[in-house]
Amino acid sequence: MNRIQRVIEQIDDPEQTSLLQAACRAALTGGSILRELYDKPHTIEMKGAINLVTEADIASETAILASLDEDAPGIAVLAEESAAETPEEEEQGQQWIVDPLDGTTNFAHGFPFFGTSIALLDCGRPRVGVVYCPMQDELFCALEGAGAWLNGQRIAVTDTRFLLEALVATGFPYDIHAALDQVLAQLRAVLPRVRDIRRAGAAALDLAYVACGRLDGFWEMDLKPWDTAAGWLLVTEAGGKVSDFAGNDYSPFLPRILASNGMLHEQLGNLLT
Ligand code: IPD
Ligand code: CA
Ligand code: CA
């Protein structure tokens with residue numbers, strides 16, 4: 001817990017401290033299950049034509065929910081594998097938003113870019129955000145108004161000002177057949193204008209990578225609250241900007257996200273439809 005201790009020493013508010021500790025412990029617990037199951041044979045089921053769910057998604061979610069309930073009981077939870085078809089926002093109070101395995105396709109194929117993602121929203125505002133990548137043992141966390149950290153070290157977005165010097169990332173929706181024209185139009189518009197594009201396969205980590213300066217921007221057109229809620233706070237607390245494609249205020253209950261170092265935001269947004 002050393003890396004969390006380093007963060008906690010910088011926070012005055014005991015309530016914030018205990019919520020951050022709860023989120024970190026839960027993210028690490030889920031992550032250690034993912035790491036343990038990574039090399040074993042997987043049970044793979046289909047949630048849609050290309051949307052997978054494995055035994056690890058379920059085991060991680062079960063462990064995360066138990067950990068949150070132990071450390072911070074009584075808070076509403078929206079977790080991917082137990083969520084209703086249409087995820088509901090807790091407009092009046094606190095709500096944990098949990099992705100027990102972001103990057104399931106990567107996990108199932110032995111591609112080591114995946115993680116757990118946990119956010120605490122309060123009346124829709126992000127207070128705590130934690131993303132944990134177990135294969136790299138990287139714990140990203142953010143607290144509203146206090147900053148963002150990677151393994152206890154403060155992180156910040158890049159200061160890249162020109163698109164041609166930017167490394168950006170995106171993701172493709174599971175419903176790719178319906179969205180193909182739009183996805184290709186976005187790639188066609190962005191690819192010739194930037195240094196390069198990555199599609200690494202885990203939106204929560206893509207956002208964490210924007211927060212720590214490994215990427216200059218990220219966009220995706222059809223995400224769920226558990227994909228982005230934690231990363232949203234990571235990016236904003238690291239000095240970046242998060243909005244929809246048109247630059248409007250962001251909510252993880254909206255499908256489209258554009259995240260950037262702030263300086264490139266408008267330029268990137270202008271290329272997206
Ligand atoms: C997916 C990943 C992927 C993104 C998909 C998400 P999952 O989450 O974040 O990068 O492109 O849209 O649904 O299903 O692996 O938790
Ligand atoms: Ca996800
Ligand atoms: Ca998931």
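Please read every residue number as a count from 1 along the shown chain.
A Cβ is built for glycine as well, from the same backbone N, Cα and C atoms used for every other residue.
According to TrEMBL:
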- Glu80, Asp99, Leu101, Asp102, Asp227: Mg(2+) binding site (BINDING)
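Under the DSSP three-state reduction, Leu101 (Mg(2+) binding site) is assigned to strand.
In this structure, the binding-site residues under consideration are Asp99, Asp102, and the one with the smallest number of other Cβ atoms within 10 Å of its Cβ is Asp102. For the binding-site residues given as Glu80, Leu101, Asp227, the lowest number of other CB atoms within 10 Å of the residue's CB is seen at Glu80.
Those same-chain residues not listed among Glu80, Asp99, Leu101, Asp102, Asp227 yet with C-beta within 8 angstroms of the centroid of the Mg(2+) site C-beta atoms are Asp57, Val98, Pro100, Gly103, Thr104, Thr116, Ser117, Ala203, Ala204, Lys224, Trp226.
In the three-state DSSP reading, Glu80 (Mg(2+) binding site) counts as helix.
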